[in-house]
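For reference, the structure discussed in these notes is given below.
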Amino acid sequence: MATLKVPAHVPAPSEDAEQLRKAFEGWGTNEQLIIDILAHRNAAQRNLIRKTYREAYGEDLLKSLDEELSSDFERAVVLFTLDPAERDAFLAHEATKRFTSSHWVLMEIACTRSSHELFNVRKAYHDLYKKSLEEDVAHHTKGDYRKLLVPLVSAFRYQGEEVNMTLARSEAKILREKISDKQYNDEEVIRIVTTRSKAQLNATLNHYNTAFGNAINKDLKADPEDEFLKLLRAAIKCLTVPEKYFEKVLRQAINKLGTDEWALTRVVATRAEVDMVRIKEEYQRRNSVTLEKAIAGDTSGDYEKMLLALIGAGDNVQDDVFVDIFPNNTRDKCCC
């Protein structure tokens, strides 16, 4: 369900590396060439380009990108160029720092990656920062947040489709009892959310809905101002319907007063090769506008071009947006 458009004939990594080097040389950086290459190569191909670039020029491609690019465009290009596990490790490390701390990013990574992907994130984190991800999360969080986040980032869930319906019924009852008593941080609630396979959790939540007449996330809205409760609801959404979670992140990033470029960049860079097709469908269903038009209407320049390339947008998106704003071919008549 990826949106990444990789050409039928992909040049050799040595050719891509050479073209990128040329994009950095001369009087100005050729940003479009960088987009044309890096936004149209999959993770394995980008890794080979980085390896070849280092061998040919004695420098990490990421360092060259950092020197040549700036602002949100730089962040989008660098994040996407990173190996997925390395990227998640970087985002998780950033999320434990004082000025960029985010319980949400840690939860998002822990709940929307497969068990093997999350294992690789922990390995990459260890290699990059010489500490464990669990260690840093435990150190930089406290209270109920620590109680939830440490087991989430430590999880290695069963990935299969096997479901125990007897267990689903009993754990749905446990969840109902704890939530009714407002014991949201109870160890049984945490245990179920942080250890059960996604298939088992779905079965439990479906039974919860059927048996008690309410979706669990609706019951978890009892105290809308409780930040821990918001995080717990989001974790359940990420584990069961991630496209709905990411649609909301994008909607809030774009529709708020002033774009949240960090959230927008993170979601596009991390989901372009995963489930962006479903996210785009959910976004259009929820907002009655395509994600392409929303991004084109809220961003500009090379940053806009990079994001649109990653979500598989056509070349005419910007023109379509302009027509929406200036109907009846009034583009040339506008005197702003």
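Cβ atoms here come from the backbone N, Cα and C positions, even for glycine.
Fair warning: this is a prediction, and the values are worked out from it, not measured in the lab.
If you look up TrEMBL, you'll see PHE24, GLY26, GLY28, GLU68, ILE254, LYS256, GLY258, ALA296, THR299, GLU304 marked as Ca(2+) 1 binding site.
ASP298 (Ca(2+) 3 binding site) is surrounded by 17 other CB atoms, counting those within 10 A of its CB over all protein chains shown. The annotation Ca(2+) 3 binding site is assigned in TrEMBL to ASP298.
Checked against ASP298 (Ca(2+) 3 binding site) by C-alpha proximity, the binding-site residues PHE24, GLY28, ILE254, GLY258 yield ILE254 as the nearest. If you take the C-beta of THR299 (Ca(2+) 1 binding site) and look for same-chain residues 6 or more apart in sequence within under 8 angstroms, you find ASP72, THR259, GLU261, LEU264, LEU307.
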